[in-house]
Every structure is written in C-alpha cells, then in structure tokens.
Amino acid sequence: MTYLTVYTDSEEPETLLESEDAAEIAATLKEIDVVLRHWQVVEDLPPGAGQEEILAAYREQVERVIAEEGYTFVDVAQLHPDNSADWPERAAAARQKFLSEHTHDDDEVRYFVSGSGIFYLHVAGKVHAVLCEGGDLLSVPKNTTHWFDMGTRPAFTAIRFFHDDDGWIGDFTGSPIAARIPDFDTIAANRAARAS
Ligand SMILES: [Fe+2]
C-alpha cells in the first residue's frame, strides 16, 4: 500500500501531509501531474522469478500501458539481499545512483511487483515522498525534478517502461535538497510507528 508524506522544501522541512488513504494520495499527486495506479498483484509468481516470467504474469496490464502511452521498451529491475560478500557494497552503490535530485528526458514509469522504494518529487516548493509497494504503478512525467531512495537494505522487483532506451539517464541538478528530507529508512520507521 502506498504511503505519501509531503514536505516543504525549506531549509528546515516541515511535514504538510502524511497519508495512507489511496484516494487522498491519488488526488494529491494528480495536482502535480503524477499518476498513481494500482494493479492486482499476481500472487503465484515464484520467488526468484526472472524477467520473462514476471512480464508474462503481467502481460495484459503491461500491453495496455504500452498501447495507451506508446512505450517501446519494458524491462524488470530487481534487487534483493543475498549472502554474497559484496552485497553491502552493491546495495550502497545501487542506492547512491539516483539518490540526488535529477530529471530525465523520458517519463519514469515503474510498477512495483514486490518490495518498496520512495520516489521524491520536488515540485512547486514541496517534496512529495511516495513510498511505493507491490501493486503500485507510478508515472513521473519527464523533466520532473525528483530522486529515488531504496533504503539501506534494498529489496524490490519493478517493471520499468521507457520510450527509448537512453531516456532514463539522469540529468543531476546539483541541489543538496535530498540530504535534508527524511530518507527511506526514516520514513519507513515513521510509518511503522504510526501503524502501531
Ligand atoms: Fe529518476
């Protein structure tokens, strides 16, 4: 289930909204032209399923999005903890990649098959931190300033949609804002505290 936190983008960010209400989240994101949809999660995908298997399980939904929005390239990105010696290093490097504010020439469209991650959308003086989980399909329009945090223990499987195969290269703004907004681990802890 999605969890949205909205902050001011000031030197000392204030929290404007925290919500787990699907309708409220969709309406809030619509105001900044970001579309959040939900697909039924396919429950019988085996753990460790590869790209072909995952795309086949969601073929109907994926084809509908491609037809409606003209994407030409779809793949699956996955990151899950393993016992290899280099996992902490790989996890930290993957997290760092898009942890600073950037834009893309293409839309950033992700369907979370499982796991979670936070997209931070910096628009009109506010930062919308959208914690996505299995079942969430988020469409961030091209040129939207944003960053992504998968946390210090990344675990997710996501289907990605592209209009061309280099549209997702990041154009970094150099803004330090990402450092002063609560990170994935902090927001996940906030949410757990609210739920208990
Ligand atoms: Fe991005």
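Glycine is treated like the rest: Cβ placed from N, Cα and C.
Automated prediction, rather than curation, is the source of TrEMBL annotations.
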In TrEMBL, the residues His102, His104, Glu108 are said to bind Ni(2+). Which of His38, His146, His163 is said to bind at that same site? His146
So among Glu101, Asp107, Arg110, all listed as recorded sites, which is physically nearest to His146 (Fe(2+) binding site)? Use the C-alpha atoms. Glu101
Taking Glu101, Asp107, Glu108, Arg110 as the recorded positions, the residues having C-beta under 6 A from ligand 1 are Glu108
For Asp107 (site 'May play a role in transmitting local conformational changes'), list the number of other Cβ atoms lying within 10 Å of its Cβ atom. 19
